[in-house]
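So the structure is just underneath, and the comments pick up after that.
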Amino acid sequence: NSANPCCDPVTCKPRRGEHCVSGPCCRNCKFLNAGTICRYARGDDMNDYCTGVTSDCPRNPYKS
C-alpha cells in the first residue's frame, strides 16, 4: 500500500534500493542481519533466526 515507505505505490514491491516491504525479518525496508532472533523459543523448541537474505522467519530444523 502507498502508506508503507518501503513499498512502490504502483507495484507494492520494494522501492529501488530497498530489500523488503514487510515481514518479521524486515525493518526499515532492509533485511535484518543473519542471526537476529525472529521467533523466540516456546517450550522445548529453539529460537528461530533471520537469514539476512529474506524477510521471512524460517523455522529451525529442530522444531519438536
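Positions of Cβ are set from backbone N, Cα and C atoms, glycine also.
Between Cys6 and the candidates Cys25, Cys26, Cys29, Swiss-Prot annotates a single disulfide bond, the one to Cys29. For the pair Cys50 (disulfide bond) and Cys57 (disulfide bond), the C-alpha distance works out to 6 angstrom. Sequence-distant contacts of Cys29 (disulfide bond), defined as residues of its own chain at least six apart whose C-beta falls under 8 angstroms from its C-beta, comprise Pro5, Cys6, Pro14, Arg15, Glu18, His19, Cys20, Val21. DSSP gives Cys38 (disulfide bond) a strand state. In this structure the C-alpha atoms belonging to Cys57 (disulfide bond) and Cys25 (disulfide bond) are separated by 6 Å. You'll find the Cα of Cys25 (disulfide bond) roughly 6 Å from the Cα of Cys38 (disulfide bond).
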